[in-house]
Every structure is written in C-alpha cells, then in structure tokens.
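Below is one structure, written out as structure tokens; the observations come after it.
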Amino acid sequence: SKISSFINIQKQIYNKESNMKSSYLFFTAFLALASCALAFDPSPLQDFCVAINDTKNGVFVNGKFCKDPKLATANDFFFSVKEGNTSNSLGSKVTPVTVNEILGLNTLGISLARIDFGPRGLNPPHTHPRGTEILIVLEGTLYVGFVTSNPQNRLITKVLNKGDVFVFPIGLIHFQLNVGYGNAVAIGGLSSQNPGVITIANAAFGSNPEISSEVLTKAFQVDNKIVDNLQKQFWFDNN
C-alpha cells in the first residue's frame, strides 16, 4: 500500500509539472504572436536603403529597390525646407519632408512637415492614415485639437505657444488654427516615411469623380442645394 501511495503521489507531481509546462508554452507562444501583431513596420536589415527607380542598378531589400550603399551620397539624406507661401484661402502652407523628398528616409519609418500660418491661418481637419504626429510650435500661438473615434467623438483641444508640444494619434482627425496676432510656424514629426494625408472637406466635396449627392445629403443631413454648392467650391490643397 505504501508503494501504491508513493506511485500516486509521483503521478500527481508529474501531472502538475506537465500542466505547468503546457501553460508556460502557451503563454510563451501567445507573447510571440502578440509581439508580431504589434509590429508596425519590419525592422530595417541594413544601415539605410536609399530608394531608386532604376531596377537595373538596384538591390531588392525590404520590399524596395535600393541604391548600392557604396554609391550613397549626402544628397540622398538632405532636403532644404523653405518658408511656405500662406497667400491662399486657408492662410497656411504645409511643406512635407517624406521619402518623396528625401530618398534616404526609405525604411526608416519617420518624416516631418513644416507648417506655416498667416494671421488666422488654418491647417484644416485632416488625418494621417499611416502615422502619429508630434507637433512643436516654433513661433506664434496655435489652437489645436483632434477628435476621438466613434461612438464618443470627443474633441480634445489645447492652445499652444512657442516651445509647446502636442501629439495627434494615428488616423484621428485633427487641425491647427493660428489664433495669435502675427504669423506662426510649427514642425510636425510623423512616425512613417510616407504618412499620407486626407483633408476631410476636400475628400468629401472635392473628390474626382464626385460622390453622389444622395450619399452626401444623407451623411451630412443637409439638402441637395447645400451639397451642390459645396461641390462647386474650389477646395484648396495646402500640402
């Protein structure tokens, strides 16, 4: 009977250890899958990957044709940002610095934009589908904000002065308005080499071809005359 009891105890210990090992393996596998799911972009496999269109002399790396690193020059990583012309209907000008302007940004996952504002100038409500934006005010005073997703649609706003920093989460509608007495300048850093931009009014009322007026009247809960008038407007692109 003592031997039987000893065997039973050993079986219980073995089963307990097996269950613990199974749980550990499951938890490890879960963490591995979670880490893969949270990854936004693949990590670069080299120091840099200057994008080129000439596939004959390129090396295919990370889904892009890249210049031979030995042929890279300082100009592949350089761009000069000029003051934007704010003499337009919005009173603002965005000067992007993405992979389109600096080919050396390819695979690095960052970009920026300079935003110039005339008095009462507005960078209208828009989204960046592929990047979070962090904004720093260099000159002037800006009223900024973003709207959270459905169903709350909370408006989160702040008045920023020189040196203040604000973050606009990826994909959310946001804006900046110059509420100071003079010009204003800000720099926006973005977490993508090509974050994209969708200006809400331009997309809704200035699409090519036009969105059906039936869709827009129901979506915005207005009559056809208002939609027709909005679609006839010239929707300026400040980017």
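The backbone N, Cα and C atoms fix where each Cβ goes, glycine too.
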Going by TrEMBL, which one of Cys36, Cys49 is joined to Cys66 by a disulfide bond?
Cys49
A 10 Å Cβ contact count, applied to the disulfide-bonded residues Cys49, Cys66: which residue has the minimum?
Cys66
With every protein chain in view, what's the tally of Cβ atoms within 10 Å of the Cβ of Glu133 (oxalate binding site), excluding that atom itself?
24
Taking only C-alpha atoms and a 10 A limit, tell me which of Cys49, Cys66, His174 are near Asn123 (oxalate binding site). These are the recorded positions.
His174
Please work out the helix, strand and coil residue numbers for the domain 'Cupin type-1' (79-228) from the DSSP assignment.
22 helix, 56 strand, 72 coil
With every protein chain in view, what's the tally of Cβ atoms within 10 Å of the Cβ of Asn123 (oxalate binding site), excluding that atom itself?
27
